[in-house]
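Below: the structure, in C-alpha cells.
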Amino acid sequence: MRILLIHSDYLNYNVKNKTPVAEEIEDAKKQGAFDESLVVFTAVEKDDENNPQGIVKNLVKEVIKTNDQVKAENIVLYPYAHLSSSLSSPKVAVQVLKDAEEALDAEGLNVKRVPFGWYKAFEISCKGHPLSELSRTITAEEEEEEEVEKKPSSWSILDGDKIIDIDDFKFENDQLEKLVSYELGTGASDAGEPPHVKLMREKELCDYESASDVGNLKWFPKGRLVRDLLADYVYNLVVDQGAMPIETPIFYDLDNEAINVHAAKFGERQYRTDTKKNLMLRFACCFGAFRVMADPFITWKNLPAKLYELSTYSFRFEKKGEVVGLKRLRAFTMPDFHSFCADMNSTLEEFSKQTDMCIQTGVDLDVNYEIIFRATKDFYDENKDWMYSIGKKIGKPVLLEILPERKHYWSCKIDFAAIDYLGRPIENPTVQIDVESGKRFDITYLGEDGKEHYPTILHCSPTGSIERVICSLLEKTAIELDEKAPMLPTWLSPIEVRIITVGEDHKDFANELYDKINAENIRVDVDDRDESVGKKIRNAATEWIPYIFVVGDNEKESGVFSVTVRETGEKVDMTVDELIKEILDKTKGMPYRGLPLPKDISTRINFQ
C-alpha cells in the first residue's frame, strides 16, 4: 500500500461521476468538508491482497503514529489510485479502507472515509510544516513479526505423557536437537546449497528449467517414474482410509470472499494473474475440496466424509533467493486429503488414524521424521490427555509448541520433518484441525438433532509434497554416506535389476533373463554396450541399482549368478527365481510401474 499523509487546514470534496468500480453511497457522502485534518491518501496494491489484515493493522499503526505528532482533529481516508501503478482489486481496496476506518474509530479517533471509485473535485490546504507532507509504503511483514514477538509460543518436549522443559531435556537424538534449534532460531541458517541439488541432476531425476520461471523443474524419465510411484503410493493409502478422489481447478477468483479470507490466513505468497478477473493459482487443493462439499445435501450419517486430490501443480510465489532444489519451489505436487467430521470426538479419532498413516509413510519410505506437535493454549487445555495419547503412539520425544492464541485456521496440527544434510528441517507430512473453513465456505450437514451444523475439517498430506519426499530421500543418502552405499528404496528405484553382458554372444541369454524378470513386474534392463565388465559394474553403481549381476559362459551354463546387493554390499549366489522372490518380498504392497527407459542401455539418451 502507498499512502500520502497531508496535515491540512481543511479538505473539501464533491462527488462528480461514477467509475465502473464505484461503491454505492448515500447522498450525504457525496460531499464533505473537514477542518484541521490528517488526510491519508491511499492506494491499495496487488501485493496487499496476500494479507489485507496485516495491511490494515500497519496502516492504522502508521496513521496513529503520525497523528500523535501532528495532533489533527480529524482523520480522513481518501482513496487515491494515482499513487500506484499496481492496484489491488476494488473489492479488496474497499474492504481494507472500511476495516481501517473501523479500527481507527475503535481507537477513539474522529475518522471519515471518502467514497471509493468516484471522480471527485477536491480542495486541500496543506499546513506546510516539516511533518505536513509524508509518504509511506505500508507492508504486512513488520506487523506479523512484531505480533510473534509480543506473544511468543511456549516450547517444550513431549515424551509420551511427560512434558519436559527443553533446557532440562537430554537429547539422545541429534536430529531432534537440530529441529528444536532451528524452530527456536538458534539452528542452521538457510544459507548453502543442500546435497540433493547435485544428486537430483547426477541421477537424472530433474533439473532447473531456465526457460521457465524459477522454482519450476523439468523432470527426466527416471524422476517422473519416482514421482508417479510416490503418487500411486499416496493414492493407495488414502483410498484405504475411505477417501473419494476428486479433481478441481488450479485457478480461483480472489473476489470470492471465502477464498480471499482463506488465502490471507494461509499467508504464503501467491501467483496472481493480470486479467479482468482477480485470479490466483492455487497454493493447495483446499478451495476445490471445500466448494465440492458446499453443494451436496449432507447428513451426520455421511460423516466423516473424505476427499483426496493430488495437485499437479500447486503454486507459491516464493522469493527468488529462497527457491532451492526440491525443497522450496514455486510449482510442486501436493497430495491433499481433507476429512469433514461431525464433532470434535470424531475429529480427534480421525486425527489419530491419520497420524498413524503419516508414521507409516516414514517406515515405507525409509525416512526418519522428527515431529512438532502444535496447538493453541485453549485447545491444549481442553484436550491435553488426547495429545498425550498421541505422544505415546509416536513412541519417541517430540517438540511441543503451545500458541497463546489462534493465528491461523487451525487449532492443532502435527508436522513431520526430515532433517537435511545441513541440519535444517524438510517439512513433510502434516495433519491439521481446521475450525474455520466449514463456516467460511458454508459447508453444512444435518445433525441427529435435525439442525444444520458446520463440520470440523482435517487437512492432511500423508507425505508432504512429492518433491520434498524425493528431497528427503536424497538428503538421507548424503547423511548416511559414511555408513552405507546411497540408494533409494528398491520399489522406488527407477531400475531395480541390471543384467551385464560379458560379450556379444551373451546378449540372447541376457534377453531371456530380462523377459523372465520383467514378466514379474520388476524393472530390469540390460547393459549390452561394448565396454569392459568392470566399467559396466561401476556405471551401475553410480546409478544406485539395487541388484546387479553379470552374464557370461559360466552363468549361462550353471544358471547361478553372483548378484551384487547394494543394500548390504554383499555378493550373493542365487538363481533368477531366487532373485525374483527376494525382490518381490522386499517390494510387497508397494506400487509398481514399468521401466521408463529403453531396456538396452546402448540405445539410451543421456539427459545430463
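Including glycine, each Cβ sits where the backbone N, Cα and C put it.
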Pick from His82, His129, His196, His338: which one does Swiss-Prot list with Cys286, His459 for the same Zn(2+) site?
His338
Within the same chain, and leaving aside Cys286, His338, His459, name every residue whose CB is within 8 angstroms of the centroid of the CB atoms belonging to the recorded Zn(2+) site, in sequence order.
Ala284, Cys285, Ala289, Phe290, Asp336, Phe337, Gln432, Asp434, Ser437, Ile457, Leu458, Cys460
Give me the DSSP three-state residue breakdown of the region 'Editing domain' (1-144), ordered helix, strand, coil.
52 helix, 55 strand, 37 coil
Among the binding-site residues listed here (His338, His459), identify the one with the smallest other-Cβ count within 10 Å.
His459
Please report the number of other Cβ atoms within 10 Å of the Cβ of Cys286 (Zn(2+) binding site).
26
